[in-house]
Amino acid sequence: MRYEDLRAREVGYASTSPRVGAFDGVGSDVDDDAAVIRAHEAYVARGELENAAKALKTSARKRGGGGARAGAGGANAIDASGALMFVVSDGVHEALRKSHKKFVHACRDARRVDVALAYAKVFDFDRTDGDLYCAVISACGTTRDWHTAWAAFEARRVDAGVLPDPIVYSALISTAGKCGNFKAARDAFAEATDANQVDSIVFNSFIDVCAARGDYDTAKATLERMKTTNGVAANIRSYNGLISASTRQRNFAGALRAWEELSANKLEPTIITYGAMLAAGAASDETDVQWSVDMFERALSSGVCGVAGNDHMVASLLNAYAHGVTLNQIDKTIALKRGEALVTALADAASTDAITASKTPNARVWCALITLCARVGQPARAIEVINIMTKRQMRPEDHAISAALNACKQGRPYFEQMLRILENYPESIRRSTGVCNAAISVYLHFGDFKSAFKLYSEMKAKMHAFRRMKDTDHGASPRDVRVMENQIPDTITYNTLIGACATNGEDVKALELYHDMIANGIPPSLRTYVGLIVSLSRSHGGSRADEAEKLFNTAIDDGVTPNEFLFTSLMDAQVKAHRADSAFATYDRMLKANVKLTSVTFGCVLHACWVCEDPEEGVERAYAILQQMTERDVMMNDWCSNALVRVISRAGRIEEMLEEVKKIVRRRGTVESETLETVIRALCRTGYVERANRFLSMMDSRNLEPSGLTLMAFITAASRDGFVGWAWEAAKRCARAGYVLDVNTRSALVAVLSVASTSPDPDDAELLLARALGVYEGSYKRAEANGDDANGVLDSESQCALIVALARGDRIDTALSIWRNTTRYGALVDARKHTSSEVKDYIGDTRAMYESLIEVCCHEGMIDEALEVFDAVKDASVSVSTVTLAFLESSCRRSRVDEWRIFDVCAQMRAQAEVKASNRLARPSKQSHHVRHDDVVDIASELQSKGLGGAQSQNTKPSTWRRGTGSAGP
């Protein structure tokens, strides 16, 4: 019979009722059976599974006689739809007896378990090797098809007339769990219990379902019930499930209790048990790296885990290392070295078998290694591991790609390389929510807001498509819905963008994101509200405290429990709006709520004291806050110290501040290094260099080494006040400790050394100049080596001072070289003085630099160079002295330069003279100081008035400042 004819015959049978009359006798014709078998096998070979099942149905006969078991259907059983049940002939049954498993697996892989169920129905249950219905139910767990699984269970019970046993109940419970239908799993377990069809496998299946959803309490209750059930005993698999439930709930204590209990019951742990315990340790919020290492070594020494463990064990230990790095429990280098050794050992152990070697380590291990590389700050190594996975035809999981992307914050080239790798991945991975969130975070880290928001817009567009897919019937499969759902913005997406807006004061954009979040049904979190309030406090138009207070109340209405971050962000908004009373009320509310207080909280409330209307009230409140910091063991950081200095200095009580800080340190009796450094920096900022130096000496006497930040603050302050020796000694300490001076410190040091080298009759003028030049050249070379802007190693004033000092110190060539190297001629302005004791002829401004260069060049006969500097003077619109220009003119005449150059110099002199004359005319006349504008009319009354020798008001305190500090207000 030709294949086309056979197919036509089978199609005809499939479209009509089965040939009941032809097969109602004792058996079927052998030739027909052979044809059916050949057709079935041909369809299977081509992957036409549905046609393969239909081909069997054409040869099915009505089930009856001895072929049916006594049960729900009787001799002529009917299925749920009322149709008669038919089974294949004995010949077909025998021929396909050994191919059932292969066919069911093929249907599972093709996600056609409905065809597998139809296949199972045409075979006589009593004559089948194994339980075909049970196999179909298990296959449904893989395809997540609960509907077909339940239909198979009912077909077995009703159509085949077989009562459920523990095996089928365990399969049904497991499949329900895999389908995410916990209610169905619970109902099936309850039914099995009521029917007394339970054994250890049924109990363990339900415990596994509880473990998969992290339901530790139900898993524990099931295990306890298992102990009291007759004929059932808890085994090692039971405890494995309980430990897994603990892992998903991050209940490490529960896992430890399960471990102790199984040890007490003398149950031997398996490789699965060790893997579950290691996973529990890695998932704990308080990971103990050493405990994980000890457990791994114990597993290897037990003899049940081989020489290197398995994928699950190694991945769990790698995750523990990654978490331990975050918690500073293990050195980064050591963690990465050990992690790579674990993976290498696992690969070596599997290398003896080619098939195993191709699959080991598996993707989960490689992903854990990627995460570890990212945590230790090795993006290049993480990318290398991703490439290894690609060669092994493995795909990293979303969380591993996200970790690798976040590690790329160390350099833009790493990030661009990761983006190129992602281009080769399918959209389901490349555009997944976790990966996009990480990419957005990295874009924002590099300041690329345009790309970050462009990616968010693409995710937002998918949100609209996802909502349409759910709200209307688009015929999308559940899998397509899940894929789309994994590509839309989530709470982390919005929090990341809102946080970036808060950092840049983009309050309007942050609120737009918040409204989009609510409109799309994304639930805000605590971090969302903190970011929004911070953005309002940093608004470019000033702090929006009213809106911040409304958002705070909205967060509470949404069920958010306010913590220190939410309270402090609100307080910060109120302080920046100069609403001290509101900030104090928030602080009192925070105390009543028993919320943890941090140094940031205290710094914020100290700033509230600074903006308090009454300075004295602010000081008293500040002292009370310091007492509370001491009681709560909160160390005062630099921000708190800054705030305290501002508060007390506003009231003119700097001495009291210093004494109070000393009392706090003595009363606590703790290590004083951090506190002393804070005081030193505060003194440096307020101009008390001598006192700061005494505190440094105090630290030295106690063998406390100041940090680079403190030393640089001291260098800057000492340079500002002209303490050249102190500044240089502190700079040498920085060099010995390996600290690199920042631009401000370096500039201040170079400026004071340059100024000192040009002062009248310095003892070591040449040495001071050499030191200034050495600092500059060292910084210049370091910047070039690091690829930084070499012209930015000093600020404008320091460059001017150094150039002038070199020019006056007979090093005009070096001075000109430095002057030519800078590309910021127009930016060289005397905006800030590094020293507070300048003479009239201060060298740290642009005018002094140009005058010195021109005059020294003229003295040395370098007329071309002098004219080069003169051209720069005109371009920079800088006014130099007439004496300098006259000297340049006479030098040009002596050197016989082109006559137009001489005229150019003369024209510059005339232009400056005209500007000076016009400025003199525009200057307002000064009013006589003898004229008063108050009610004092005679000299006797004037002498009695405040400020002219009269009695000082009793309410006026004498200033304790060594010199004025400008405005007293904030």
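Keep in mind that glycine also has a Cβ here, set from the backbone N, Cα and C atoms.
Features as listed in TrEMBL:
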| type | residues | note |
| --- | --- | --- |
| DOMAIN | 136-283 | domain 'PROP1-like PPR' |
| DOMAIN | 493-678 | domain 'PROP1-like PPR' |
| REGION | 945-970 | region 'Disordered' |
| REPEAT | 199-233 | repeat 'PPR' |
| REPEAT | 235-269 | repeat 'PPR' |
| REPEAT | 362-396 | repeat 'PPR' |
| REPEAT | 490-524 | repeat 'PPR' |
| REPEAT | 563-597 | repeat 'PPR' |
| REPEAT | 672-706 | repeat 'PPR' |
| REPEAT | 846-880 | repeat 'PPR' |
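According to DSSP, the repeat 'PPR' (199-233) comprises 25 helix, 0 strand, 10 coil. Counting residues 6+ beyond its ends, the repeat 'PPR' (235-269) has Cβ neighbours under 8 Å at 200, 203-204, 207-208, 210-216, 219-220, 223, 226, 276-277, 279-281, 283-286, 299, 302, 304 in the same chain. The residues of the repeat 'PPR' (362-396), classed with DSSP into helix (H, G, I), strand (E, B) and coil, number 26 helix, 0 strand, 9 coil. In the predicted model, the domain 'PROP1-like PPR' (493-678) shows an average pLDDT of 83.
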